[in-house]
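What TrEMBL annotates here:
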type	residues	note
BINDING	Ser52, Tyr117	Fe-coproporphyrin III binding site
BINDING	His172, Glu260	Fe(2+) binding site
Amino acid sequence: MSVDALLLLSFGGPEGEADVRPFLENVTRGRGVPPERLDEVAQHYLHFGGVSPINRLNRDLIEAVRAAGVGLPVYFGNRNWHPMIEDTVGAMRADGVRRALVFPTSAYGGYSACRQYDEDILRARAAVGDDAPELVKIRHFFDHPGFVLPFADAVRAAAAGFDSYRLVFTAHSIPNSFDATAGPAEWGGHLYSRQVAEAARLVALEVGVAEYDVVWQSRSGPPQIPWLEPDIVDHVDALHAKGVDNVVVCPVGFVSDHLEVIWDLDNEARERAESHGMGFARAATPGPDPRFADMVVELVQEHLSGVVPRKLSPFGTAGCTVNGEFCAVACCEPPARRPR
Ligand SMILES: CC1=C(CCC(=O)O)c2cc3nc(cc4[nH]c(cc5[nH]c(cc1n2)c(C)c5CCC(=O)O)c(CCC(=O)O)c4C)C(CCC(=O)O)=C3C
Ligand SMILES: [Fe+2]
């Protein structure tokens with residue numbers, strides 16, 4: 001297969017105070033997130049001057065992927081903030097791009113982590129019209145050494161100051177109902193939580209830690225709807241009650257230092273741990289590691305020249321579809337949302 005560009009597709013984040021509200025409205029349109037939760041999240045962004053690190057980190061990653069020799073023009077588009085994917089795909093068409101690979105900045109399956117990026121591709125191609133470039137999405141990479149090994153080194157570095165510690169992995173919580181439908185139906189559901197557990201297992205194996213926990217963070221949505229639990233902050237309390245004195249948190253659900261990482265972990269979870277007199281260290285995310293950019297190049301080559309896929313898990317390959325098609329019928333389909 002030949003392609004003439006790579007598109008890095010991400011979530012997007014605000015780049016100043018005035019962006020925060022319109023960004024949050026884009027994220028939560030029709031999603032039933034209570035207004036109190038939005039006010040709270042707006043405060044998290046305003047704490048950092050209204051600037052999420054996510055766009056800068058993505059621009060840095062694009063530079064690193066170019067420098068790693070990807071050999072294709074690299075474009076940048078987001079779901080929720082500028083540069084918006086519709087505009088980027090329009091620019092790609094104007095530049096004469098016929099077919100592009102899409103690298104999504106999420107390693108996992110599930111509605112929020114995978115299918116919603118397919119919806120973005122569908123929407124952008126529809127907006128651009130008949131001669132929109134063909135867009136081929138790259139597979140889930142939660143089990144790629146370029147994702148797992150930087151996390152493992154980061155855990156070792158974070159734990160360096162502790163004689164003993166409990167290793168805790170976190171990923172973004174999602175509604176239980178989203179997890180139930182995650183993945184092709186014949187794979188039995190729960191693909192998101194199973195991939196997160198598998199990535200955690202691979203990182204722990206590499207570090208040489210036999211006992212660890214997998215927990216969740218950054219829950220939103222109305223309280224009566226069940227989401228994946230336990231929450232990291234509650235879990236810190238539980239570890240304290242068990243007599244754990246140091247905790248190392250590895251944000252395995254995230255590719256880079258998103259706002260959820262620098263607020264929910266570096267502020268909320270850390271404060272809770274320190275209130276108990278516990279030591280707390282957070283492992284770095286893999287996005288800025290040169291091995292991560294090399295992984296992106298390798299994933300491109302998997303498509304172009306049949307380089308043997310490097311996968312550390314026995315899980316099937318998913319997420320790689322053309323023009324925003326879903327992996328399978330009803331794959332990662334969100335249950336109908338209740339109107340608010
Ligand atoms: C699984 C998952 C990922 C990982 C996969 C991936 O990386 O894509 C992820 C990433 C991200 N989520 C982000 C931001 C937000 N997510 C929200 C809300 C939600 N996230 C959800 C899930 C996920 N989210 C869900 C089920 C909701 C409820 C509403 C809905 O059903 O959609 C809200 C609304 C306010 C709130 O309630 O928190 C915000 C502001 C940012 C940008 C951060 C930055 O600026 O650095 C990033 C990378
Ligand atoms: Fe989110």
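Note that Cβ sites are derived from N, Cα and C of the backbone, with glycine treated the same way.
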Task: Three-state secondary structure, which DSSP defines for His172 (Fe(2+) binding site) - done: strand
Task: Candidates near ligand 1 among the binding-site residues Ser52, Tyr117, His172, judged by a Cβ under 6 angstroms - done: Ser52, His172
Open item on the list: Using a 10 Å radius around its CB, how many other CB atoms surround His172 (Fe(2+) binding site)?
Closed with: 25
TODO: Indicate whether Ser52 (Fe-coproporphyrin III binding site) is helix, strand or coil by DSSP.
DONE: coil
- [ ] Measure from the CA atom of Tyr117 (Fe-coproporphyrin III binding site) to the CA atom of His172 (Fe(2+) binding site) and give the result in Å, rounded to a whole number.
- [x] 16
Open item on the list: Tell me the Cα distance separating Glu260 (Fe(2+) binding site) from Tyr117 (Fe-coproporphyrin III binding site), rounded to the nearest angstrom.
Closed with: 19
Open item on the list: To the nearest Å, how far is the Cα of Ser52 (Fe-coproporphyrin III binding site) from the Cα of Glu260 (Fe(2+) binding site)?
Closed with: 10
